[in-house]
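S.K.: Below you'll find the structure I mean.
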């Protein structure tokens, strides 16, 4: 029997999980991947391994994570989706399920990814938004943040904005757009690119916050790119403000 390649679009609240990736058999229920794999394997009566498009960290959320898996089942896809959503906890939802070309790979076939980083900028952080925003008390200069962000647009070596260990993998990525906007009491950093290094979005966000505070000048971004020196960039922003918005193919 020929194998089918099934793609899922997934929304999740990462607050109660160790991250997307399953790390060892004992940590199945601690990861988003592990929870979905366990449920799928039970529904399909076969061992299933799913491939995620991104490896979001502990506490990071997703509006539109993509993942795929191969299976020999002929069960109707909408029935699988219904069963999955019935089995999974309320903080994980399968939004869409579809059959795709056998060559499709959720990670390597992706053309671009969009992340958003939310900053709650009110004096006292919202009780209801605390799991989904980073609270920052004090005004941030959005104009300077955007000026700094503009230096990052394009193809660059982002080693200075990454926690990636020294290895042979390339640290060159391309950012297509990077905008800073205000929505009520929140400041939203939206970043779209062809891929991101380990902790890259959080380090960029932390650096832009320092620019907004006046601790760093916008033009210092250029120096970080040129020197590839992580110590010149800002701190890694808190995890709960980050959400994977969309993956495009």
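Glycine is treated like the rest: Cβ placed from N, Cα and C.
The annotation domain 'Pseudouridine synthase I TruA alpha/beta' is assigned in TrEMBL to 10-109, 148-249. Positions annotated as active site, nucleophile by TrEMBL: 57. What TrEMBL records for 115 is substrate binding site.
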S.K.: Roughly how many Å separate the Cα of the residue listed as 'active site, nucleophile' from that of residue 115 (substrate binding site), to the nearest whole number?
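M.R.: Each residue's Cα considered, the residue listed as 'active site, nucleophile' and residue 115 (substrate binding site) end up 13 Å apart.
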S.K.: Using DSSP, how many residues in the domain 'Pseudouridine synthase I TruA alpha/beta' (10-109) fall into helix, strand and coil?
M.R.: 33 helix, 28 strand, 39 coil
S.K.: For the domain 'Pseudouridine synthase I TruA alpha/beta' (148-249), would you mind checking the mean pLDDT of the predicted model?
M.R.: 96
S.K.: Would you count the other C-beta atoms found within 10 angstroms of the C-beta of the residue listed as 'substrate binding site' for me?
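M.R.: Other Cβ atoms within 10 Å of the residue listed as 'substrate binding site': 24.
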S.K.: What count of other C-beta atoms do you get within 10 angstroms of the C-beta of the residue listed as 'active site, nucleophile', across all chains shown?
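M.R.: That number is 18.
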S.K.: Tell me the residue counts in helix, strand and coil for the domain 'Pseudouridine synthase I TruA alpha/beta' (148-249), as DSSP assigns them.
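M.R.: With helix first, then strand, then coil, the domain 'Pseudouridine synthase I TruA alpha/beta' (148-249) has 36 helix, 31 strand, 35 coil.
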